Amino acid sequence: MTKTPAPPKRLLIRTWGCQMNVYDSARMADVLAPLGYAPTEQVEEADMVILNTCHIREKATEKVFSDLGRLRDAKQARGGEMVIAVAGCVAQAEGAEITARAPWVDIVLGPQSYHRLPEMVARASRAAGAVIETDFPAEDKFDHLPEQAAPQGATAFLTVQEGCDKFCSFCVVPYTRGAEYSRPVAAILAEARRLVSLGAREVTLLGQNVNAFHGEGPDGGAWSLGRLIHALAGIEGLARIRYTTSHPRDMDDELIAAHRDIPALMPFLHLPVQSGSDRVLKMMNRGHTADDYLRLVDRLRAARPDLALSTDIIAGHPGESEADHEATLALIRAVGFAQAFSFKYSARPGTPAATMAGAVEEAAKDARLAEIQALLRDQQTAFNLSRAGMVADVLVTGPGRHPGQMAGRTPWLNPVHFDGPDSLAGRIVPVKIVAGHPNSLTGALAVPPHPDSRERNAA
Ligand code: SAH
Ligand code: SF4
Ligand code: F3S
(Lines of atoms letter the chains of each structure in order from A and count residues from 1; the text may use other names and numbers.)
(Lines give C-alpha, C1' and ligand atoms only; values in the text may rest on other atoms or scores of the structure.)
(Ligands and ions follow the chains in the order given, each with its own letter.)
Protein backbone atom coordinates (compact mmCIF):
# COMPACT_ATOMS: atom_id res chain seq x y z
CA MET A 1 0.00 0.00 0.00
CA THR A 2 1.32 3.41 -0.87
CA LYS A 3 1.36 5.94 1.85
CA THR A 4 -0.61 9.08 1.09
CA PRO A 5 1.66 12.08 1.41
CA ALA A 6 1.09 14.36 4.37
CA PRO A 7 -1.05 17.36 3.39
CA PRO A 8 1.06 20.47 2.98
CA LYS A 9 1.16 22.77 5.93
CA ARG A 10 -0.29 26.20 5.31
CA LEU A 11 1.47 29.46 6.05
CA LEU A 12 -0.20 32.85 6.25
CA ILE A 13 2.03 35.93 6.40
CA ARG A 14 0.56 39.38 7.03
CA THR A 15 2.87 42.28 6.24
CA TRP A 16 2.82 45.89 7.43
CA GLY A 17 5.33 48.69 7.06
CA CYS A 18 7.96 49.38 4.45
CA GLN A 19 9.10 47.54 1.36
CA MET A 20 11.86 45.92 3.35
CA ASN A 21 9.18 44.10 5.31
CA VAL A 22 7.65 42.96 2.00
CA TYR A 23 11.04 41.59 1.00
CA ASP A 24 11.54 39.99 4.42
CA SER A 25 8.12 38.30 4.26
CA ALA A 26 9.02 36.71 0.94
CA ARG A 27 12.30 35.50 2.39
CA MET A 28 10.56 34.04 5.47
CA ALA A 29 8.31 32.08 3.09
CA ASP A 30 11.47 30.86 1.30
CA VAL A 31 13.02 29.76 4.60
CA LEU A 32 9.90 27.82 5.62
CA ALA A 33 9.17 26.20 2.24
CA PRO A 34 11.60 23.28 2.85
CA LEU A 35 9.61 22.48 6.01
CA GLY A 36 6.55 21.89 3.83
CA TYR A 37 4.81 25.23 4.33
CA ALA A 38 2.82 26.47 1.34
CA PRO A 39 1.19 29.90 1.29
CA THR A 40 -2.47 30.53 2.10
CA GLU A 41 -4.66 33.61 2.48
CA GLN A 42 -7.19 31.88 4.73
CA VAL A 43 -6.57 32.14 8.44
CA GLU A 44 -8.90 29.18 9.15
CA GLU A 45 -6.61 26.79 7.29
CA ALA A 46 -3.31 28.26 8.46
CA ASP A 47 -1.00 25.97 10.43
CA MET A 48 1.25 28.92 10.97
CA VAL A 49 0.62 32.66 10.94
CA ILE A 50 3.39 35.25 10.85
CA LEU A 51 2.62 38.90 11.52
CA ASN A 52 5.46 40.91 10.00
CA THR A 53 5.04 44.13 11.89
CA CYS A 54 5.90 47.82 11.74
CA HIS A 55 6.69 50.07 14.72
CA ILE A 56 7.09 53.37 12.89
CA ARG A 57 3.93 55.03 14.21
CA GLU A 58 1.69 54.21 17.15
CA LYS A 59 -1.21 53.21 14.90
CA ALA A 60 0.91 50.63 13.11
CA THR A 61 1.89 49.06 16.43
CA GLU A 62 -1.63 49.02 17.81
CA LYS A 63 -2.89 47.16 14.72
CA VAL A 64 -0.65 44.25 15.69
CA PHE A 65 -2.30 43.84 19.04
CA SER A 66 -5.83 44.00 17.63
CA ASP A 67 -4.84 41.41 15.01
CA LEU A 68 -3.39 39.19 17.73
CA GLY A 69 -6.72 39.29 19.55
CA ARG A 70 -8.48 37.91 16.48
CA LEU A 71 -5.78 35.29 15.99
CA ARG A 72 -6.37 33.94 19.50
CA ASP A 73 -9.93 33.04 18.45
CA ALA A 74 -8.73 31.48 15.19
CA LYS A 75 -6.19 29.41 17.07
CA GLN A 76 -8.84 28.23 19.55
CA ALA A 77 -11.13 27.28 16.67
CA ARG A 78 -8.35 24.98 15.43
CA GLY A 79 -7.97 23.39 18.86
CA GLY A 80 -4.70 25.23 19.41
CA GLU A 81 -3.16 23.79 16.23
CA MET A 82 -1.66 27.04 14.96
CA VAL A 83 1.84 28.43 15.38
CA ILE A 84 1.65 32.20 15.80
CA ALA A 85 4.79 34.23 15.18
CA VAL A 86 5.34 37.96 15.49
CA ALA A 87 8.20 39.21 13.35
CA GLY A 88 9.49 42.61 12.27
CA CYS A 89 10.02 45.87 14.08
CA VAL A 90 7.34 45.58 16.80
CA ALA A 91 8.82 42.19 17.70
CA GLN A 92 12.24 43.78 17.93
CA ALA A 93 11.06 46.72 20.03
CA GLU A 94 8.55 45.03 22.31
CA GLY A 95 9.65 41.37 22.45
CA ALA A 96 8.63 40.39 25.99
CA GLU A 97 5.71 42.83 26.08
CA ILE A 98 4.09 40.91 23.22
CA THR A 99 4.11 37.57 25.00
CA ALA A 100 2.91 39.23 28.21
CA ARG A 101 -0.07 40.81 26.42
CA ALA A 102 -0.67 37.85 24.11
CA PRO A 103 0.49 34.59 25.73
CA TRP A 104 -0.93 32.60 22.78
CA VAL A 105 2.01 33.84 20.66
CA ASP A 106 4.54 31.04 20.09
CA ILE A 107 7.43 32.87 18.44
CA VAL A 108 8.75 36.42 18.58
CA LEU A 109 11.58 37.20 16.20
CA GLY A 110 13.36 40.41 15.23
CA PRO A 111 14.27 41.38 11.66
CA GLN A 112 17.82 40.06 12.05
CA SER A 113 16.73 36.58 13.10
CA TYR A 114 14.42 35.21 10.45
CA HIS A 115 17.02 32.83 9.00
CA ARG A 116 16.55 31.02 12.33
CA LEU A 117 12.84 30.42 11.79
CA PRO A 118 13.01 26.66 11.08
CA GLU A 119 14.93 26.05 14.27
CA MET A 120 12.54 28.29 16.20
CA VAL A 121 9.49 26.44 14.85
CA ALA A 122 11.02 23.18 16.08
CA ARG A 123 11.77 24.69 19.47
CA ALA A 124 8.27 26.17 19.73
CA SER A 125 6.71 22.74 19.31
CA ARG A 126 8.62 21.55 22.41
CA ALA A 127 8.63 24.70 24.52
CA ALA A 128 5.99 25.51 27.09
CA GLY A 129 6.29 29.27 26.62
CA ALA A 130 7.16 31.45 23.65
CA VAL A 131 10.47 31.30 21.82
CA ILE A 132 11.99 34.78 21.53
CA GLU A 133 14.92 35.90 19.32
CA THR A 134 15.50 39.62 19.24
CA ASP A 135 19.30 39.85 19.41
CA PHE A 136 21.20 41.40 16.61
CA PRO A 137 23.24 38.27 15.87
CA ALA A 138 26.79 38.99 14.77
CA GLU A 139 26.58 36.52 11.89
CA ASP A 140 25.13 37.76 8.64
CA LYS A 141 21.60 36.48 8.16
CA PHE A 142 21.98 36.95 4.41
CA ASP A 143 24.62 34.20 4.43
CA HIS A 144 22.11 31.85 5.99
CA LEU A 145 19.11 32.46 3.77
CA PRO A 146 18.22 30.27 0.83
CA GLU A 147 18.09 31.84 -2.63
CA GLN A 148 14.90 33.72 -3.47
CA ALA A 149 12.58 30.97 -4.65
CA ALA A 150 9.57 32.62 -6.17
CA PRO A 151 9.87 35.10 -8.99
CA GLN A 152 8.08 38.22 -7.83
CA GLY A 153 6.99 38.91 -11.41
CA ALA A 154 8.34 41.64 -13.65
CA THR A 155 9.35 43.76 -10.68
CA ALA A 156 11.43 42.62 -7.73
CA PHE A 157 12.87 43.97 -4.50
CA LEU A 158 16.45 43.37 -3.51
CA THR A 159 17.73 44.39 -0.09
CA VAL A 160 21.25 45.80 -0.36
CA GLN A 161 21.52 47.67 2.92
CA GLU A 162 19.86 47.44 6.27
CA GLY A 163 19.77 49.47 9.45
CA CYS A 164 20.38 53.12 10.14
CA ASP A 165 22.97 55.20 12.00
CA LYS A 166 21.25 58.55 11.48
CA PHE A 167 19.12 58.71 14.65
CA CYS A 168 16.54 61.24 13.53
CA SER A 169 14.79 62.51 16.66
CA PHE A 170 11.43 60.92 15.88
CA CYS A 171 12.39 57.56 14.42
CA VAL A 172 12.54 54.02 15.83
CA VAL A 173 14.36 52.45 12.90
CA PRO A 174 17.90 52.72 14.33
CA TYR A 175 16.62 50.83 17.37
CA THR A 176 14.56 48.20 15.56
CA ARG A 177 16.86 47.49 12.62
CA GLY A 178 20.18 48.19 14.30
CA ALA A 179 23.35 49.68 12.85
CA GLU A 180 23.93 50.20 9.15
CA TYR A 181 25.03 47.11 7.30
CA SER A 182 25.74 46.78 3.58
CA ARG A 183 25.73 43.46 1.76
CA PRO A 184 28.79 42.57 -0.33
CA VAL A 185 28.60 43.58 -3.99
CA ALA A 186 29.13 40.05 -5.31
CA ALA A 187 26.13 38.70 -3.37
CA ILE A 188 23.93 41.52 -4.66
CA LEU A 189 24.98 41.03 -8.28
CA ALA A 190 24.36 37.29 -7.98
CA GLU A 191 20.89 37.85 -6.53
CA ALA A 192 20.06 40.42 -9.22
CA ARG A 193 21.13 38.01 -11.99
CA ARG A 194 18.97 35.35 -10.45
CA LEU A 195 15.95 37.63 -10.22
CA VAL A 196 16.39 38.53 -13.88
CA SER A 197 16.66 34.86 -14.81
CA LEU A 198 13.33 34.35 -12.99
CA GLY A 199 11.67 37.04 -15.07
CA ALA A 200 12.32 40.33 -13.28
CA ARG A 201 12.79 43.30 -15.62
CA GLU A 202 12.94 45.88 -12.87
CA VAL A 203 14.80 45.66 -9.58
CA THR A 204 14.30 48.08 -6.69
CA LEU A 205 17.30 48.19 -4.37
CA LEU A 206 16.12 48.45 -0.80
CA GLY A 207 17.67 49.87 2.32
CA GLN A 208 16.47 51.92 5.28
CA ASN A 209 19.24 54.25 4.21
CA VAL A 210 20.01 52.81 0.84
CA ASN A 211 22.33 55.52 -0.40
CA ALA A 212 24.56 55.10 2.66
CA PHE A 213 25.45 51.81 0.95
CA HIS A 214 29.13 50.97 1.25
CA GLY A 215 29.27 47.25 0.48
CA GLU A 216 32.53 45.43 -0.02
CA GLY A 217 33.40 45.26 -3.71
CA PRO A 218 35.20 42.39 -5.46
CA ASP A 219 38.35 44.53 -5.23
CA GLY A 220 38.10 44.55 -1.42
CA GLY A 221 37.26 48.26 -1.26
CA ALA A 222 33.90 49.77 -0.29
CA TRP A 223 31.59 50.51 -3.23
CA SER A 224 29.15 53.40 -3.23
CA LEU A 225 25.56 52.97 -4.38
CA GLY A 226 26.38 54.83 -7.62
CA ARG A 227 29.08 52.32 -8.42
CA LEU A 228 26.82 49.40 -7.56
CA ILE A 229 24.14 50.76 -9.90
CA HIS A 230 26.73 51.00 -12.70
CA ALA A 231 27.55 47.32 -12.22
CA LEU A 232 23.87 46.32 -12.09
CA ALA A 233 23.16 48.25 -15.28
CA GLY A 234 25.53 45.81 -17.03
CA ILE A 235 23.28 42.82 -16.30
CA GLU A 236 21.65 41.62 -19.52
CA GLY A 237 17.88 41.79 -19.37
CA LEU A 238 17.74 44.13 -16.36
CA ALA A 239 15.91 47.04 -17.92
CA ARG A 240 15.05 49.16 -14.91
CA ILE A 241 16.77 50.01 -11.65
CA ARG A 242 15.32 51.94 -8.74
CA TYR A 243 16.42 52.45 -5.16
CA THR A 244 14.69 53.47 -1.94
CA THR A 245 14.81 55.03 0.65
CA SER A 246 17.56 57.56 0.41
CA HIS A 247 18.68 60.32 2.74
CA PRO A 248 19.53 63.78 1.36
CA ARG A 249 22.83 63.74 3.24
CA ASP A 250 24.06 60.64 1.41
CA MET A 251 23.33 61.82 -2.15
CA ASP A 252 26.95 61.89 -3.32
CA ASP A 253 28.38 63.07 -6.67
CA GLU A 254 28.71 59.53 -7.99
CA LEU A 255 25.04 58.80 -7.34
CA ILE A 256 23.90 62.08 -8.90
CA ALA A 257 26.08 61.31 -11.93
CA ALA A 258 24.46 57.87 -12.15
CA HIS A 259 21.13 59.62 -12.73
CA ARG A 260 22.74 61.41 -15.68
CA ASP A 261 24.69 58.50 -17.13
CA ILE A 262 22.60 55.36 -16.63
CA PRO A 263 19.40 55.20 -18.69
CA ALA A 264 18.23 52.11 -16.78
CA LEU A 265 18.21 54.13 -13.56
CA MET A 266 14.59 55.30 -13.60
CA PRO A 267 13.78 59.02 -13.41
CA PHE A 268 11.94 58.80 -10.11
CA LEU A 269 13.47 59.40 -6.71
CA HIS A 270 11.95 59.12 -3.24
CA LEU A 271 13.89 61.65 -1.17
CA PRO A 272 12.32 62.28 2.24
CA VAL A 273 12.69 65.84 3.56
CA GLN A 274 10.34 65.64 6.60
CA SER A 275 10.12 69.44 7.06
CA GLY A 276 10.87 72.68 5.27
CA SER A 277 11.87 74.56 8.41
CA ASP A 278 15.54 74.78 9.36
CA ARG A 279 14.61 74.97 13.05
CA VAL A 280 12.61 71.76 12.84
CA LEU A 281 15.14 70.01 10.62
CA LYS A 282 17.73 70.77 13.28
CA MET A 283 15.52 69.44 16.09
CA MET A 284 14.93 66.37 13.93
CA ASN A 285 18.69 65.85 13.64
CA ARG A 286 18.38 65.57 9.87
CA GLY A 287 21.79 67.19 9.27
CA HIS A 288 20.73 69.48 6.42
CA THR A 289 18.79 72.70 5.84
CA ALA A 290 15.83 73.38 3.57
CA ASP A 291 18.16 75.21 1.22
CA ASP A 292 20.56 72.23 1.10
CA TYR A 293 17.61 70.12 -0.01
CA LEU A 294 16.51 72.59 -2.70
CA ARG A 295 20.05 72.82 -4.08
CA LEU A 296 20.29 69.04 -4.12
CA VAL A 297 17.04 68.87 -6.08
CA ASP A 298 18.47 71.38 -8.58
CA ARG A 299 21.58 69.25 -9.06
CA LEU A 300 19.51 66.11 -9.52
CA ARG A 301 17.25 67.80 -12.07
CA ALA A 302 20.27 69.16 -13.91
CA ALA A 303 21.60 65.59 -14.10
CA ARG A 304 18.27 64.09 -15.18
CA PRO A 305 15.81 66.73 -16.38
CA ASP A 306 12.81 64.38 -16.42
CA LEU A 307 13.38 63.29 -12.81
CA ALA A 308 10.17 63.09 -10.75
CA LEU A 309 10.51 63.47 -7.00
CA SER A 310 8.65 61.99 -4.10
CA THR A 311 9.06 62.72 -0.39
CA ASP A 312 7.94 62.10 3.20
CA ILE A 313 6.66 64.91 5.42
CA ILE A 314 5.92 64.87 9.14
CA ALA A 315 3.33 67.33 10.49
CA GLY A 316 3.58 68.45 14.09
CA HIS A 317 7.01 67.38 15.34
CA PRO A 318 7.50 68.74 18.89
CA GLY A 319 8.44 72.40 18.78
CA GLU A 320 6.95 72.97 15.30
CA SER A 321 5.27 76.41 15.08
CA GLU A 322 2.79 77.77 12.54
CA ALA A 323 5.71 79.54 10.87
CA ASP A 324 7.61 76.25 10.62
CA HIS A 325 4.56 74.65 9.07
CA GLU A 326 4.38 77.51 6.52
CA ALA A 327 8.04 76.86 5.70
CA THR A 328 7.17 73.23 4.96
CA LEU A 329 4.38 74.31 2.60
CA ALA A 330 6.81 76.72 0.93
CA LEU A 331 9.36 73.96 0.37
CA ILE A 332 6.71 71.67 -1.10
CA ARG A 333 5.65 74.46 -3.47
CA ALA A 334 9.25 75.16 -4.43
CA VAL A 335 9.98 71.53 -5.34
CA GLY A 336 6.74 70.29 -6.88
CA PHE A 337 6.48 66.63 -5.93
CA ALA A 338 5.08 63.96 -8.22
CA GLN A 339 4.07 61.86 -5.22
CA ALA A 340 4.48 62.00 -1.44
CA PHE A 341 3.65 60.45 1.88
CA SER A 342 2.77 62.64 4.83
CA PHE A 343 2.17 61.70 8.42
CA LYS A 344 1.05 63.19 11.67
CA TYR A 345 3.92 63.10 14.15
CA SER A 346 3.56 60.10 16.45
CA ALA A 347 5.60 59.95 19.66
CA ARG A 348 7.60 56.73 19.81
CA PRO A 349 8.88 55.41 23.13
CA GLY A 350 12.65 55.57 23.43
CA THR A 351 13.18 58.23 20.76
CA PRO A 352 14.56 61.69 21.67
CA ALA A 353 11.53 63.53 20.24
CA ALA A 354 9.18 61.66 22.58
CA THR A 355 10.53 63.61 25.56
CA MET A 356 11.06 66.95 23.81
CA ALA A 357 9.20 70.03 25.01
CA GLY A 358 6.62 71.76 22.83
CA ALA A 359 4.28 68.94 21.91
CA VAL A 360 1.88 70.15 19.19
CA GLU A 361 -1.82 69.85 19.96
CA GLU A 362 -3.68 67.10 18.15
CA ALA A 363 -6.06 69.56 16.45
CA ALA A 364 -3.15 71.63 15.12
CA LYS A 365 -1.42 68.49 13.85
CA ASP A 366 -4.62 67.46 12.06
CA ALA A 367 -5.06 70.88 10.48
CA ARG A 368 -1.44 71.06 9.31
CA LEU A 369 -1.52 67.55 7.91
CA ALA A 370 -4.73 68.30 6.02
CA GLU A 371 -3.16 71.39 4.48
CA ILE A 372 0.00 69.51 3.51
CA GLN A 373 -1.99 66.65 2.02
CA ALA A 374 -4.22 68.95 -0.01
CA LEU A 375 -1.16 70.61 -1.51
CA LEU A 376 0.59 67.31 -2.21
CA ARG A 377 -2.55 65.88 -3.77
CA ASP A 378 -2.79 68.86 -6.12
CA GLN A 379 0.84 68.41 -7.09
CA GLN A 380 0.38 64.71 -7.75
CA THR A 381 -2.69 65.33 -9.89
CA ALA A 382 -0.86 68.06 -11.81
CA PHE A 383 2.05 65.70 -12.42
CA ASN A 384 -0.25 62.94 -13.66
CA LEU A 385 -2.12 65.35 -15.95
CA SER A 386 1.23 66.50 -17.34
CA ARG A 387 1.89 62.95 -18.62
CA ALA A 388 -1.14 63.08 -20.94
CA GLY A 389 -0.12 63.13 -24.59
CA MET A 390 3.27 61.53 -23.92
CA VAL A 391 4.32 58.13 -25.17
CA ALA A 392 5.82 56.37 -22.16
CA ASP A 393 7.68 53.07 -21.91
CA VAL A 394 5.47 50.97 -19.68
CA LEU A 395 6.62 47.86 -17.86
CA VAL A 396 3.58 45.61 -17.99
CA THR A 397 3.07 44.04 -14.56
CA GLY A 398 -0.11 42.03 -15.15
CA PRO A 399 -3.80 42.15 -15.93
CA GLY A 400 -5.75 45.32 -15.20
CA ARG A 401 -9.05 45.61 -13.39
CA HIS A 402 -11.28 45.02 -16.43
CA PRO A 403 -11.25 42.15 -18.93
CA GLY A 404 -8.87 42.82 -21.82
CA GLN A 405 -7.04 45.43 -19.80
CA MET A 406 -3.41 45.34 -18.70
CA ALA A 407 -1.64 47.31 -15.96
CA GLY A 408 1.89 48.58 -15.78
CA ARG A 409 4.21 51.29 -14.56
CA THR A 410 5.73 54.29 -16.27
CA PRO A 411 9.38 55.25 -15.64
CA TRP A 412 7.95 57.70 -13.06
CA LEU A 413 6.19 54.88 -11.25
CA ASN A 414 2.64 55.90 -12.22
CA PRO A 415 0.25 52.98 -12.50
CA VAL A 416 -1.14 52.85 -16.08
CA HIS A 417 -4.11 50.93 -17.46
CA PHE A 418 -4.52 50.20 -21.15
CA ASP A 419 -6.17 47.64 -23.40
CA GLY A 420 -3.86 44.88 -24.50
CA PRO A 421 -3.35 41.11 -24.53
CA ASP A 422 -2.11 39.06 -21.56
CA SER A 423 0.97 38.15 -23.55
CA LEU A 424 2.37 41.60 -22.82
CA ALA A 425 2.98 40.77 -19.15
CA GLY A 426 6.61 41.26 -18.24
CA ARG A 427 7.36 43.34 -21.33
CA ILE A 428 8.15 46.99 -21.81
CA VAL A 429 5.86 48.55 -24.38
CA PRO A 430 5.27 52.11 -25.61
CA VAL A 431 1.97 53.43 -24.34
CA LYS A 432 0.38 56.68 -25.35
CA ILE A 433 -0.95 58.36 -22.21
CA VAL A 434 -4.51 59.38 -22.91
CA ALA A 435 -5.55 60.78 -19.53
CA GLY A 436 -4.15 61.55 -16.10
CA HIS A 437 -6.13 60.89 -12.90
CA PRO A 438 -5.28 61.64 -9.27
CA ASN A 439 -3.72 58.21 -8.68
CA SER A 440 -3.13 56.65 -12.08
CA LEU A 441 -3.03 57.09 -15.84
CA THR A 442 -4.94 55.56 -18.70
CA GLY A 443 -3.29 54.90 -22.02
CA ALA A 444 -3.41 53.04 -25.30
CA LEU A 445 -0.74 50.87 -26.88
CA ALA A 446 1.26 53.18 -29.11
CA VAL A 447 2.04 50.43 -31.59
CA PRO A 448 -0.12 47.36 -31.91
CA PRO A 449 1.63 44.34 -30.39
CA HIS A 450 3.40 42.23 -32.95
CA PRO A 451 5.42 39.09 -32.27
CA ASP A 452 8.53 40.83 -33.60
CA SER A 453 8.18 43.67 -31.14
CA ARG A 454 9.85 41.33 -28.71
CA GLU A 455 13.07 42.78 -30.03
CA ARG A 456 12.96 45.82 -27.82
CA ASN A 457 12.55 43.46 -24.92
CA ALA A 458 15.20 40.99 -25.97
CA ALA A 459 17.13 39.85 -22.95
N1 SAH B 1 14.78 56.01 6.11
C2 SAH B 1 13.81 56.87 5.64
C3 SAH B 1 12.46 56.77 6.34
C4 SAH B 1 12.03 55.57 7.06
S5 SAH B 1 10.53 55.71 7.95
C6 SAH B 1 14.32 58.29 5.77
O7 SAH B 1 15.38 58.53 6.26
O8 SAH B 1 13.63 59.21 5.39
C9 SAH B 1 9.37 56.27 6.74
C10 SAH B 1 8.77 57.59 7.08
O11 SAH B 1 7.94 57.50 8.22
C12 SAH B 1 9.75 58.70 7.42
O13 SAH B 1 10.32 59.27 6.30
C14 SAH B 1 8.91 59.64 8.21
O15 SAH B 1 8.32 60.60 7.36
C16 SAH B 1 7.83 58.76 8.81
N17 SAH B 1 8.02 58.64 10.25
C18 SAH B 1 9.04 58.06 10.90
N19 SAH B 1 8.88 58.15 12.23
C20 SAH B 1 7.72 58.81 12.43
C21 SAH B 1 7.02 59.25 13.58
N22 SAH B 1 7.49 59.02 14.80
N23 SAH B 1 5.85 59.91 13.42
C24 SAH B 1 5.36 60.18 12.18
N25 SAH B 1 5.99 59.79 11.05
C26 SAH B 1 7.17 59.12 11.17
FE1 SF4 C 1 14.68 56.91 10.57
FE2 SF4 C 1 16.15 59.04 10.04
FE3 SF4 C 1 17.21 56.61 9.80
FE4 SF4 C 1 15.36 57.43 8.07
S5 SF4 C 1 17.42 58.32 8.37
S6 SF4 C 1 15.45 55.45 9.08
S7 SF4 C 1 14.04 58.67 9.35
S8 SF4 C 1 16.55 57.57 11.70
FE1 F3S D 1 8.20 49.92 9.89
FE2 F3S D 1 10.39 48.69 10.57
FE3 F3S D 1 9.99 49.36 8.05
S4 F3S D 1 9.36 50.20 11.76
S5 F3S D 1 8.78 51.21 8.24
S6 F3S D 1 8.81 47.94 9.20
S7 F3S D 1 11.91 49.40 9.15
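Backbone N, Cα and C atoms are what each Cβ position is placed from, and that goes for glycine too.
Residues annotated as domain 'MTTase N-terminal' in TrEMBL: 9-126.
The [4Fe-4S] cluster 1 binding site feature in TrEMBL is assigned to Cys18, Cys54, Cys89. The Cβ of Cys89 ([4Fe-4S] cluster 1 binding site) lies under 8 Å from the Cβ of Gly17, Asn21, Thr53, Cys54, His55, Ile56, Pro111, Val172, Val173, Thr176, Arg177, each on the same chain and at least six residues away in sequence.
Marked as domain 'Radical SAM core' by TrEMBL: 150-382.
Annotation for Cys164 ([4Fe-4S] cluster 2 binding site): spatial neighbours Cys171, Val173, Pro174, Arg177, Ala179, Glu180, Gln208, Asn209, Ala212, criterion Cβ-Cβ under 8 Å with sequence separation of six or more. Annotated [4Fe-4S] cluster 2 binding site per TrEMBL: Cys164, Cys168, Cys171, in sequence order.
Annotated domain 'TRAM' per TrEMBL: 385-447, in sequence order. Taken as a whole, the domain 'TRAM' (385-447) shows an average pLDDT of 95 in this prediction.
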Relative to ligand 2, which of the binding-site residues Cys18, Cys54, Cys89, Cys164, Cys168 have a Cβ found under 6 Å from one of its atoms?
Cys164, Cys168
I'd like the per-state residue tally for the domain 'TRAM' (385-447) from DSSP, helix first, then strand, then coil.
5 helix, 33 strand, 25 coil
What are the non-local neighbours of Cys18 ([4Fe-4S] cluster 1 binding site), defined as same-chain residues 6+ apart in sequence with CB under 8 A from its CB?
Cys54, Ile56, Gln208, Thr245
Taking the Cβ of Cys168 ([4Fe-4S] cluster 2 binding site) as the reference point, list residues of the same chain whose Cβ is under 8 angstroms away and which are at least six residues distant in sequence.
Gln274, Met284, Asn285, Arg286
If you draw a 10 Å sphere around the Cβ of Cys171 ([4Fe-4S] cluster 2 binding site), how many other Cβ atoms fall inside it, taking every protein chain shown into account?
22
Would you list, in sequence order, the residues of this chain other than Cys18, Cys54, Cys89 that have their CB within 8 A of the centroid of the site's CB atoms, where the site is the one recorded for [4Fe-4S] cluster 1?
Trp16, Gly17, Met20, Asn21, Thr53, His55, Ile56, Ala60, Gly88, Val173, Thr176
